[in-house]
Amino acid sequence: MMKNHLKTVHAGKPAAERSVAKKTKPEKEPIVCELCGFKCIKMAVMKVHNRSHTGERPFSCSHCDQTFVQNSHLTKHLKRHAGKITLQCKSCDFVCNDPVLLKRHNQQVHRLVKTLQCCHLCEHKFLTASQLQRHLRTHSGERPYSCTVCDYRSAQMDTLKAHFRTHTGEKPYSCAQCEFKCAQLSALRTHQFTHTNEKPFGCDRCDYRCARASNLRRHMERRHVQ
């Protein structure tokens, strides 16, 4: 029967034409990053790409202070530490296996401390005088930036811009994995943790971890503040 079918139906047709009859898998719709237009097929690839916007580097080396976007990068990095002697900072508990990393740690952490801008009202320290000036407004209550629509005032220009969107309804930041939209980039970054189940904020007094800085502050107030 099959031989007769091939002779009567497909006889004389070129192989390329006959192959059209074969079933082909439908092409998947590409996943598009709404922040930059990046396209890919796999959600796992998009998840890694999203970290280029959020700055998230969830994979950290246990031997030095380096962090990575992908686990494969961490695995490759760990080979540098294999068989090396552990070096410890003389000024703190930092340890690493690379003399270059130890030197960089001392330059960035301990030498930098001498040049930090210190608040005379609390223990906060800042890299620049402008950062210190903005911080001092939290003590003085000064709010030099005012809304042109209502009587709202703010100590920071960025905060005023975010407030103004409550009048315009503008939500320029959107999630690439769902329909969530928001007015502030920080809110988008926090929302994205609901998709990854990642908890980047950790308590330094216990093993509690969470996705929001506000949750960590509330935890500290309830559990550790005497």
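Any Cβ shown, glycine's included, is placed from N, Cα and C.
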Taking 1-23, 139-161, 185-207 as the choices, which stretch does TrEMBL tie to region 'Disordered'?
1-23
Using Cβ atoms and a strict cutoff of less than 8 Å, what residues sit near the domain 'C2H2-type' (116-144) while being 6 or more residues removed from its termini?
153-156
Spatial neighbours of the domain 'C2H2-type' (201-226) far in sequence, C-beta under 8 Å, 6+ residues away:
190, 193-194
Taking residues 6+ outside the domain 'C2H2-type' (31-58), which of them lie with a CB under 8 Å of any CB in it?
67-70, 173-177, 189, 192, 195-196, 198, 200
Which residue counts does DSSP yield for the domain 'C2H2-type' (145-172) in the helix, strand and coil classes, in that order?
12 helix, 4 strand, 12 coil
